[in-house]
Amino acid sequence: MKKVEIFTDGACKGNPGPGGWGVLLRMGKHEKELSGGEPETTNNRMELRAAIEGLNALIEPCEVELYTDSKYVVDGITKWVHGWKKRGWVNASKKPVRNDDLWHDLIEAELRHKVTWHWVKGHNGHAENERADRLASEAADLQS
């Protein structure tokens, strides 16, 4: 399996409001940047979308180190999702899971790969996270 690093971020101008997502893919010396946005969304949806788009950009199954500054994404995919599935997609408070459409997409995107999830502190000088943040912010600006 090829080894790939993915750095993701989401941004929103207002929450909800215009939003964007950014991804930096790295395999060895090769890098690719991806971004996109939506006119009316939330920060959490853009964080999820960034991870989904990053994983879906990989043509073949890969060993992935995915870095995000979103504890929501990391905790959701590594901890909470198991309980949500058991409870029929309701949270511990018996309320429907928010963004369940994107959680389903993320689970599907993750299946093909061996993914290790990493949380990094945002806006803390992590060069690749800063690049993903810039891509997400630029994409959000294009939506407003």
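Cβ coordinates are placed from backbone N, Cα and C, and glycine is handled just like the others.
Annotated features, as they stand in Swiss-Prot:
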type    : residues           : note
DOMAIN  : 1-141              : domain 'RNase H type-1'
BINDING : Asp9, Glu47, Asp69 : Mg(2+) 1 binding site
BINDING : Asp9, Asp133       : Mg(2+) 2 binding site
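Under a cutoff of 8 A between CB atoms, and with a sequence separation of 6+ in the same chain, the neighbours of Asp69 (Mg(2+) 1 binding site) are Asp9, Trp119, Val120, Lys121, Gly122, His123, His126, Asn129, Asp133.
For the recorded Mg(2+) 1 site, residues Asp9, Glu47, Asp69 set the reference point as the centre of their Cβ atoms, and the other residues of that chain within 8 Å of it by Cβ are Thr8, Gly10, Ala11, Met46, Ala50, Thr68, Ser70, Val73, Gly122, Asn129, Ala132, Asp133, Ala136. Looking at Asp9, Glu47, Asp133, the binding-site residues in this record, the fewest other C-beta atoms within 10 angstroms of the C-beta turn up around Asp133.
In the three-state DSSP reading, Asp69 (Mg(2+) 1 binding site) counts as coil.
Secondary structure from DSSP puts Asp9 (Mg(2+) 1 binding site) in a beta strand. Mapped onto three states, the DSSP output places Asp133 (Mg(2+) 2 binding site) in helix. On the 0 to 100 pLDDT scale, the domain 'RNase H type-1' (1-141) averages 97 in the predicted structure.
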